[in-house]
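Heads up, the thing below is written out as structure tokens.
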Amino acid sequence: MSEQNNSHGNLILLRHGQSEWNASNQFTGWVDVRLTEKGRAEAVRGGEMIKEAGLEPTILYTSLLRRAITTANIALDAADRHWIPVVRDWRLNERHYGALQGLNKAETKDKYGEEQFMAWRRSYDTPPPAIDADNEYAQTNDPRYADLSEIPATECLLDVVKRFIPYYEEEIEPRVKNGETVLVAAHGNSLRALVKHLDKISDEDIAGLNIPTGIPLVYNIDADGKVLNPGGDYLDPEAAAAGAAAVAAQGQAK
């Protein structure tokens, strides 16, 4: 992909670069951790790939979490698109991991067993146990969520679909259908929810989808909302395959 094509819009999906808790193999969810130096470098490279592909985002959508916001800022700077409008919304947040937030993934798997671990981590409609409001990793009284009538205490992927896809259809999709190039910088599970919608992936098969950090995934979408390149195109397919495999292997190493 070298040039933008006005016959269709482009939707660029970018998972945040490696975070501190990606590196330490902890469930993160809505906990607001920072990027590692590797994560910042991934964000730079992601932005460079966007520029090298001839893509020129006209607007950015991201979450309220630092790791996605920072990734977006770095990537846009590298792409020379640092000046475009930015929309931040909680509905692009990572899935809330409930009482698992802060726990090591490998230790959690050892404690509860492979089947329960994978059900919490990858099933479509099985949420982890809810987090207590007084837990240090809960979002109780977090000012960024002051306008929410209720802050989630846990979520499954279905919950993310229910909050994010209506927002996508109302706010983001019309721009893409109109021929714009839109960058969405978000999280593993909010992007899995969107890819499920775009590619019409079944509730069962979505368990096998993993999104690598820092590698842009581009969908071409026409004026009717039809995806012209099912599955999208990673701007670095080899690195994306390796990154997705690394995500799938989480839970192995402590």
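A Cβ is built for glycine as well, from the same backbone N, Cα and C atoms used for every other residue.
According to Swiss-Prot, the feature substrate binding site maps to 15-22, 28-29, R67, 94-97, K105, 121-122, 188-189, an assignment based on sequence analysis. For H16, the entry in Swiss-Prot reads active site, tele-phosphohistidine intermediate, with the evidence type sequence analysis. The active site, proton donor/acceptor annotation in Swiss-Prot covers E94 and is backed by sequence analysis. Here Swiss-Prot flags H187 as site 'Transition state stabilizer'.
For G29 (substrate binding site), the same-chain residues that are 6 or more apart in sequence and have a Cβ closer than 8 Å to its Cβ are E94, R95, H96, Y97, G98, L100, Q101, Y137. The sparsest Cβ neighbourhood within 10 Å, among the listed recorded positions (H16, Q18, E94, H187), is found at Q18. Remark: of the binding-site residues R15, R95, K105, the most isolated position is K105 (fewest other Cβ atoms within 10 Å of its Cβ). Considering only the recorded positions R15, H16, K105, the residues lying within 10 A of H187 (site 'Transition state stabilizer') on a C-alpha to C-alpha basis are R15, H16. Taking Cβ-Cβ distances under 8 Å and a sequence gap of 6 or more within the same chain, the neighbours of W21 (substrate binding site) are F27, T28, V31, V33. Between the alpha carbons (Cα) of K105 (substrate binding site) and H16 (active site, tele-phosphohistidine intermediate) lies a span of roughly 19 Å. For the pair formed by G188 (substrate binding site) and H16 (active site, tele-phosphohistidine intermediate), distance between Cα atoms is given as 8 Å, rounded to the nearest Å.
Of all Cβ atoms in the shown protein chains, 20 besides its own fall within 10 Å of the Cβ of G188 (substrate binding site).
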